[in-house]
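Residues annotated as repeat 'TNFR-Cys 1' in Swiss-Prot: 50-88. For 67-80, 70-88, 91-106, 109-123, 113-131, 133-144, 150-168, 171-186, 192-211, the entry in Swiss-Prot reads disulfide bond, with the evidence type sequence analysis. The N-linked glycosylation site feature in Swiss-Prot is assigned to 82, 141, 252, 257, 278, 289. The repeat 'TNFR-Cys 2' annotation in Swiss-Prot covers 90-131. Residues annotated as repeat 'TNFR-Cys 4' in Swiss-Prot: 170-211. The compositional bias 'Polar residues' annotation in Swiss-Prot covers 241-262, 276-302. If you look up Swiss-Prot, you'll see 330-339 marked as compositional bias 'Basic residues'. Per Swiss-Prot, the feature S-palmitoyl cysteine maps to 368. Under the heading topological domain 'Cytoplasmic', Swiss-Prot lists 371-655.
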């Protein structure tokens with residue numbers, strides 16, 4: 001029992017100890033959170049207002065209040081106070097607001113649409129009046145003009161819109177356009193062969209194909225025992241030719257010693273395809289007059305490539321006294337579709353011909369590549385392998401020199417190394433900056449720490465190693481790392497160097513002299529110290545004088561998160577916003593147009609009526625923003641910061 005009681009007592013004491021430790025940890029965590037909240041409370045007061053709110057200065061107390069914005073289609077009729085919320089009212093007729101706002105009156109709608117324009121969007125509480133040209137017209141030089149009408153033989157290539165005219169093109173081969181139009185494209189010619197018809201008249205760019213029935217001889221269901229029917233595409237008529245069993249007058253049927261051969265002949269002056277009138281056929285030698293009945297004249301007008309000759313086949317008369325039988329028979333022909341094979345239409349065979357041509361080209365390319373590769377394998381490389389290795393090593397050795405020249409800024413005949421400038425300022429923070437830039441490990445950082453005596457030497461070697469290690473190293477990344485570690489003072493020094501307003505110590509920014517200007521700069525090693533650092537006086541070439549330092553990265557350098565410093569050129573003229581920062585914002589806005597109205601709405605409570613009138617008279621939004629920078633920049637630093645906060649909140653791409 002004593003042992004059991006002692007164990008229970010020990011467990012209770014352990015549980016009390018664990019509870020005390022847990023309570024102590026919870027209390028410590030709460031204290032740490034409270035400390036962090038007190039640290040971050042002061043910067044949070046300077047951050048921009050939350051979305052959906054605006055700042056208002058109470059005229060009675062002078063206190064800056066944060067009020068909720070009014071929704072789109074309304075305006076603030078009464079601002080909020082310490083005791084009441086803001087009051088919103090609907091926009092009156094003829095005014096509008098597109099976004100939630102904190103303005104005291106709505107924007108006026110645009111003027112009514114001039115004739116002949118029509119309204120796409122009417123003037124409403126949420127939208128401004130928008131005018132467009134009516135259908136069939138497009139806007140040109142502020143007026144509406146009718147769409148161009150494509151003439152005959154031309155078709156619409158691109159349909160016209162409200163802002164662009166119609167584009168016409170001449171009808172290609174196989175297409176036509178027979179009416180002037182501003183909406184119709186070229187139509188394809190009628191496929192006569194596909195409809196089992198003949199092309200009577202080929203089409204042009206202005207007319208369609210003229211199709212007709214095919215000419216053939218029908219032998220089914222004849223009207224009589226000796227009748228042949230002719231079909232023509234234009235003259236659908238039937239001509240009956242009497243049978244040869246008809247016994248004309250004056251012909252002796254008992255004459256068994258003579259034979260008659262009746263055949264139509266085509267004279268040299270008559271075009272093929274016509275059947276001349278043969279009224280009689282005489283046999284002068286025998287003295288017997290044999291006449292045939294006069295058949296009706298048949299005239300056929302066909303295309304030049306369809307010509308037919310009607311031939312009357314001869315018949316033999318039997319000597320036994322029977323009636324002679326002379327029948328008119330059509331020549332034996334194949335199926336009418338056989339005529340289609342006489343004409344080669346390239347449009348029908350063009351697709352598979354193109355496919356065959358591409359396959360042939362592909363085969364030729366493969367064969368040539370195989371032959372070339374086989375020759376290369378047989379001959380071997382043209383150069384000695386050792387020479388190739390030497391060239392590769394030379395290219396690698398030249399890379400650090402090019403990277404190093406990238407970071408040199410020429411000023412007053414001296415080459416100033418930006419990396420050395422940063423290394424001289426960051427001090428012991430170079431470790432954090434180097435790890436941020438390269439994602440380096442502690443082992444790599446320790447290598448630089450053991451190889452040099454001073455912090456600026458370690459920082460310079462680490463930054464050089466960063467530029468050589470990553471070819472994508474840029475000034476924007478370096479500035480981002482400096483801001484990440486709250487070294488805006490170094491960024492301002494770089495700005496001052498570019499603006500030529502800061503007196504720098506040239507002995508600290510001198511470049512190390514290399515033994516030979518042509519020898520490649522080796523990769524900085526942690527075990528080698530930088531010695532013999534002297535001032536490098538370099539006269540830049542005309543190309544170096546004309547080119548801008550870090551042309552593609554000037555915008556990130558000049559884009560700051562606070563108002564201007566006293567060293568900037570524009571601040572000396574009395575403005576709290578630097579010219580570089582303003583130009584950066586305006587350049588970005590002009591390159592990528594966006595809606596700037598929310599920025600103007602945020603600044604209305606700072607502008608007086610005269611300044612507001614001046615800004616409203618400017619037509620272009622970018623010019624309005626430029627003027628707004630000039631007006632707000634000379635008011636106060638707080639107003640300038642409010643404008644910058646509004647710009648960065650509504651244009652997040654600038655960050």
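Cβ from N, Cα, C; glycine included.
Small disclaimer: the values here were computed from a predicted structure and weren't measured.
On the backbone, the CA of residue 82 (N-linked glycosylation site) and the CA of residue 88 (disulfide bond) stand 17 Å apart. Closest by Cα distance to residue 70 (disulfide bond), from the disulfide-bonded residues 106, 171, 211, is 106. The average pLDDT computed over the topological domain 'Cytoplasmic' (371-655) stands at 69. According to DSSP, residue 109 (disulfide bond) sits in a coil region rather than a helix or strand. DSSP states for the repeat 'TNFR-Cys 4' (170-211), grouped as helix (H, G, I), strand (E, B) and coil, give 3 helix, 12 strand, 27 coil. For residue 88 (disulfide bond) paired with residue 109 (disulfide bond), the C-alpha to C-alpha distance reads 19 Å. Taking H, G and I as helix, E and B as strand and the rest as coil, DSSP gives the repeat 'TNFR-Cys 1' (50-88) the counts 0 helix, 18 strand, 21 coil.
Between the CA atoms of residue 113 (disulfide bond) and residue 133 (disulfide bond) there is a gap of 10 Å, rounded to the nearest whole number.
Taking all protein chains in view, 19 other C-beta atoms sit within 10 angstroms of the C-beta of residue 192 (disulfide bond).
In this structure the C-alpha atoms belonging to residue 150 (disulfide bond) and residue 186 (disulfide bond) are separated by 10 Å. The most densely surrounded of the disulfide-bonded residues 80, 88, 171 is 171 (count of other Cβ atoms within 10 A of its Cβ). Shown in sequence order, 53, 54, 55, 56, 76, 79, 80, 85, 86, 102 are the residues of the chain, 6+ apart in sequence, with a C-beta less than 8 angstroms from the C-beta of residue 67 (disulfide bond). Sparsest Cβ environment among the disulfide-bonded residues 106, 131, 133, 186 (other Cβ atoms counted within 10 Å): 131. Neighbour counts of Cβ atoms within 10 Å were taken for the recorded positions 70, 109, 168, 368; the minimum is at 368.
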